[in-house]
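In TrEMBL this protein carries:
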REGION    1-102  region 'Disordered'
COMPBIAS  29-41  compositional bias 'Low complexity'
COMPBIAS  50-71  compositional bias 'Basic and acidic residues'
COMPBIAS  87-96  compositional bias 'Basic and acidic residues'
TRANSMEM  288-312  transmembrane segment
TRANSMEM  373-393  transmembrane segment
TRANSMEM  413-437  transmembrane segment
TRANSMEM  496-518  transmembrane segment
TRANSMEM  524-546  transmembrane segment
TRANSMEM  558-583  transmembrane segment
TRANSMEM  589-609  transmembrane segment
DOMAIN    769-831  domain 'CBS'
Amino acid sequence: MTSNDSGMFSWNRSSKSQNSKRRSANGEQSLLSNQNQSSLNRSTPTIGTIKEEKDMTPKKSKSNGDGDGSKQHKSFNIRADSMGGGGHDEHNDNDSHSAIAGPKIDSLNYRGDESEAFRAYSATQHYKHRGEFWNEGKREIIVRYFILSCIGLVQGTVAHWCNYACHVCTEQKFGHVADIMANGNMLKAFITFWAYQISFAAWASLAVWIEPLSGGSGIPEVKCFLNGIDLPRLNDIQTGLCKVLGVIGSVAAGLPIGKEGPMVHSGAVVAAQLSRSAVKDDKARRDYVACGAAAGVCTAFSAPIGGILFALEEGASYWSESVTFRTFYTSAWSISTLYFWATFDAQFGKLGLGKLFSFGNFIFEGTSASYSVWELLIFIFIGCFGGLIGAIFNNANERLTHWRIKHVNHTKSYRFLEVMIISTLVSIVGFGVPFFIRDCLDLPDGSTLNESQNELIDSLVQFDCPEGQFAPIASLFFNDGNDAIKLLFHMHSHTFPVLSLFLFFTCYLSLAAVTYGIAVPSGLFVPSLLAGAAFGRLLGNVIYIINPEGAAFSNTYSLIGAAAVLGGMARMTISLTVILLEATGNEQFALPLMISLFCARVVGSIFNADLYHIHIHLKKGVHFLDAELRSITGHHDLYAGHIMSKDVVFMRPIEKVGTIYDILLTCGHACFPVVDTDDRDILFGTVNRNVLTTLLQQRAYGMPSTKGPGMRRNSIVQSHGVTLQPNAKYVPLVPYKILEREYPGYTPIEDISVGQSDRDLYIDLRPYTNTAPHTVKETTSVSRAYDLFRSLGLRLLVVTNKYNQCVGTISRDDLLAEALAQDMITKGRKTA
């Protein structure tokens, strides 16, 4: 396509005769056609790329990483290691996308197969069981829902016993320290407290030492997977075990973290492992992982509906009615399992009496908690201030993470040492602040308390106070995060003085900002809820002092403050509202929660992104596509032709074995366009890398027939001498069932060897080619290409001209904001 084809563009397209001579990888490549035998003996062009018309001389690239490779070869290697997974190697010299490349992380393909082999296999399966009552479709449905049931059962069990282990370890630690403090030996009490803390922290860090991906909450990584990014080992059994065992140590160590985030990751791992034998493609695996993530949220908060909405709001980039029902079904099983295990601690046989995470009933002095119309303005203020707090927290944690990446994260020993230092700091603050702030209060009279408050009296810590008194700030530091939140939500307004609340809020929030991101499994929900509850309780106490008759209970402000701070950090709205409502069991808080979460999101988003997205974009080589294309100055003037990779590594419908092998060895892409160079370079379709490696592994290649045009199998594969006639339907030498069976553990190309005598044989790619790939024209806007790529979960988007000739490809890294900004600069230079 020349510039005359579309006056608004400056890219060019070479003619067929020029393109047939410009192929960019080593070796020779011949096309075996079903038209005539003479095409086998014509001179063969060098393999590779479709070049721009201005570069008329074919450029040869060194194979297997020759040391004296040209600049083009250097760029080729960088592009091959990039994340995109598309069938392109490099941009021209004016293109700088290669500078953004990171470590090799593959993209997933969430679109179904459209190859002839798949259609034949599907038709065979359909007709094979036609008329049977238990046909293939019904068996598939039964297997699917059996697996979903198992996911719910296993995740509910994992969550219960993880919570039980955390509770036992925490009670053992605080009970032992309390016994020593009762004897008046505070120094010994602190040393014991520190020994417990650092031992549990070392346990948690050891899990991350074994499997680095078990660190953090896991929610950013699960979001990446559902976005189409295949992080290695993310859903492995080892990762899940280290995550669950490590989070027990983290919680028992008293670090300002929660176990709710890791429960989401563990749900994803459970789903991926239990569905492994039944999953045949990336789309099915994504749907199972989405169900597992929903079950993880469900079991973490005892909120089945909130779990579904979390998976919808924060998880999958593509959603459907069927996925919604499957997440609902999985959540029902997980919450049922959770309630069943809880009956052993409550009244056996009666479900719903015990929950892992519950805020209890908000009832004070015989009346339900309520609020006045004028207090909605206070809730707006709390939401805005919570958004500001969240933005400050996110910014501080981002700066700390940058520092960690530069100075700490490059060695495991440094990361372990950092955990020990921070655990010591948490111990000093958690023990030192209550020791120096001796603010003892009398224990509340049980006769004046309601049922929820009476259950919490045992959580009030005496510390070094006289008998019959408790230390307010020690009651917050020396309790599990969930119990501390309940104290702030339910105890009387005079239980926690303003000074104690202020000191706890500032110290705990600062420690949480420092802790999140160290080498331990950790969650964001509990520390943000606890800090926000202290902030809301502080504000509520002040308002209650000013207007004790007309103001709501300070406990109500504590709930709104907790939601506002968490919303300011995570920027969730719908799912968090439902999760908190399910945890409180009181629908009258819906309006203030919605108001505070809305304000927190708006205010926080003015300054920075949510903490999950910040950590996603800090991960090297992870190219996350947001729900909407981020606004870039002038991006409305960009079209697909501006951002596409013009040097395309492609295959031909019938390709030489040596050519395919060399390309796969030197190019790390996961998908390649198939271009028919005998038919005006018309796009024939796309073929996946795993298909090519399987064909090489199965030796599904042949040689030119001596009896006439076509292809026959060689003696190594089968000696029957089968010949395809010129008009015969494409018949795959490797059945689709074998390709499906290999998923997802395809053999790497490095483990496949091709003999010298086989290099000149051919593979017929037509039966395995996706002949209906998603394509866009050169004139398609970038925003439309972005929406198409993300919403459909594509791995590669082929760009064609008006003649349906392949002129370029768009992969994930071409759509990043940084890449688009560079394209704008390049476009401006060309225009000038």
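Positions of Cβ are set from backbone N, Cα and C atoms, glycine also.
Below 8 A, the CB atoms of the transmembrane segment (524-546) and the transmembrane segment (373-393) form 3+ pairs separated by six or more positions in the chain.
Here the transmembrane segment (413-437) has long-range neighbours at 186, 189-190, 193-194, 197-198, 201-202, 204-206, 208-209, 253-256, 404, 407, 463-464, 471, 473-474, 477-478, 499-500, 503-504, 507, 511, 514-515, 518-520, meaning same-chain residues at least 6 beyond its ends whose C-beta is under 8 angstroms from one of its own. Here the listed stretches are 373-393, 496-518, 558-583, 589-609, and the one with the most C-beta pairs under 8 angstroms to the transmembrane segment (288-312) is 558-583.
Residues 205, 215-216, 255-257, 389, 393, 396-397, 400-401, 404, 415, 418-419, 422, 425-426, 429, 433, 437, 439, 441, 472-473, 476-477, 487-488, 524, 527-528, 530-531, 534-535, 537-538, 541-542, 611, 615 of the same chain lie 6+ residues outside the transmembrane segment (496-518) yet bring a C-beta within less than 8 angstroms of a C-beta in it. Listed by sequence, the residues of this chain that lie at least six past the ends of the transmembrane segment (558-583) yet keep a Cβ under 8 A from its Cβ atoms are 297, 301-307, 309-310, 312-314, 357-359, 362, 379, 382-383, 385-391, 393-394, 485, 488-489, 524-525, 528-540, 589-590, 592-594, 596-601, 603-605, 609-612. For the domain 'CBS' (769-831), the DSSP-based tally of helix, strand and coil residues reads 29 helix, 15 strand, 19 coil.
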